[in-house]
Amino acid sequence: MEAEKLWQSVLGEIELQISRANYLTWLKDSKIISQEENAILIALPNNFVKEWVENKYHKMILGTVRSFNETIKKIDYVVHTQAIDLTRINKKINQEIQKQTSFSELRVDPETNLNPRYTLDSFIVGSSNELAYAAILSVIKEVGKKYNPLFIYGGVGLGKTHLIQAAGNEIKKNYKNEVKVKYIPSETYIRDIVSAIRNKRIEDTKNKYRDIDVLIIDDIQFIGGKEKTEEEFFHTFNALYENNKQIIISSDRPPRSIPTLEERLQSRFEGGMIADVGYPDYETRVAIIKSKLEEKKMTLTDDLINIIANKVKRNVRELEGVIHKISLKSEREGIIAKTVIMDTLRETISQPSLNISPQQIIQAVAHFFEISPEDLTNRSRKKEVVEPRQIAAFLMRELLNLSYPFIGEKLGKRDHTTIIHSCDKIAQGINKNASLNQKILLIKEEVYKT
Ligand code: ADP
Ligand code: MG
């Protein structure tokens, strides 16, 4: 690949991994100066940016460069000679941030923690989620009366967060200030409880949660095994429930399958309505693709939509990712050819995993972290192998769908609950931590190459 094209591709990848503001600040004005056999030279606008990029992004850049061209081992950075117009850049950043803000993520309502981007209107209903959707509608209509708690569960990226937040937004809209809605990811809840205990302020949290009318807790599975938190939640739950307050819960699995969840909580969760969301069927996938394209004011032929719908089947977030990438490429290249779509799909999707072995995953992870495969498969508790081992567990689960006990056996005879924890930790981390996400992408590529 010629230098210019290589660098554009690298930037295209990185743009998806880091925030828009970061991208514009640090990398947008980078240029490739030269490419030799195993080294490239990158120019940056000033010393400050150069230092920042070297410290913060070098690893990610190198990894990404190598995913396009393996022979490159070294990247050097220099400062542009030509002066740059800082005000212009700043203006641009502000415009971008504004655009982003008006669009979505940053506008989370501090009162409710709800993100207004999640609406019922933008949620596509199909056979995989119609039960959960119907339950949500009932709850909106009869808050606290009909299905309490409402427990929604299903795999990653299938719309749980979207649905339960949409319920919150809709209730807020219908009842204005009469109803106090609160959305809380269970990690936040756990953190709150832990710090309240540490600061001896547990009474405060009790009150904080008890005057809520609609409590929405996302990804409840994480409280399993955290005894103090479970205990507090049990009391909060009862207090709300007895006062006919609505409780909406999501989880990646049914109550019964949450490891070490106290029985009394389990039976509380089972006492209301339980609805699952599954993989979207073909028609639903097509409808989702069309609606995401519409959001981006793009159109594709039915033929191309069909190709995407047939490739991305098990994760709506992945489907969105593909559309997003295609829209970026279309901005850059002007037209959307079939090959662009095929490339994007190839780059983005976890491929079917029929002929990969657990050993290949262990090898690839070990190679990436420059440790020996035995470090992953023995019982060592060395700190530097903790994350690699968690990643190996996650990939075995994700790519091979192996059972937790089996994975535990492979990775140093570890208990299956440890493995569940590892998988959850990485799955959560991917969404928040760009460099972790990048590591996983690179390791996956390596797995598929072998
Ligand atoms: P989960 O919480 O189940 O992991 P999310 O609710 O975060 O999944 O969904 C992932 C992404 O896919 C979100 O951006 C969401 O808006 C989108 N999404 C999921 N299901 C649908 C759907 N049925 N219609 C429209 N968008 C959807
Ligand atoms: Mg979610």
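Cβ atoms here come from the backbone N, Cα and C positions, even for glycine.
Automated prediction, rather than curation, is the source of TrEMBL annotations.
The ATP binding site annotation in TrEMBL covers Gly157, Gly159, Lys160, Thr161. Sequence annotations record features per position, and here TrEMBL assigns domain 'AAA+ ATPase' to 146-281. Under the heading domain 'Chromosomal replication initiator DnaA C-terminal', TrEMBL lists 357-426. Here TrEMBL flags 1-100 as region 'Domain I, interacts with DnaA modulators'. Residues or ranges marked as region 'Domain IV, binds dsDNA' in TrEMBL: 331-450.
Residues Gly154, Val156, Leu158, His162, Leu163, Ser250, Val277, Val316, Arg317 surround the recorded ATP site, their Cβ atoms falling within 8 Å of the Cβ centroid of Gly157, Gly159, Lys160, Thr161, which are themselves excluded. Residues Lys160, Thr161, taken from the binding-site residues Gly157, Gly159, Lys160, Thr161, are distinguished by a CB atom under 6 angstroms from ligand 2.
When DSSP labels each residue, the region 'Domain IV, binds dsDNA' (331-450) comes out as 89 helix, 0 strand, 31 coil, counted as helix, strand and coil in that order. A simple way to gauge crowding: the CB of Lys160 (ATP binding site) has 23 other CB atoms within 10 angstroms, across all the protein chains here. A simple Cβ count within 10 Å picks out one of the binding-site residues Gly159, Thr161 as the most packed, and that one is Gly159. Sorting each residue of the region 'Domain I, interacts with DnaA modulators' (1-100) by its DSSP state yields 60 helix, 17 strand, 23 coil. Of all Cβ atoms in the protein chains displayed, 18 besides its own lie within 10 Å of the Cβ of Gly157 (ATP binding site).
According to DSSP, the secondary structure content of the domain 'AAA+ ATPase' (146-281) in residues is 72 helix, 26 strand, 38 coil.
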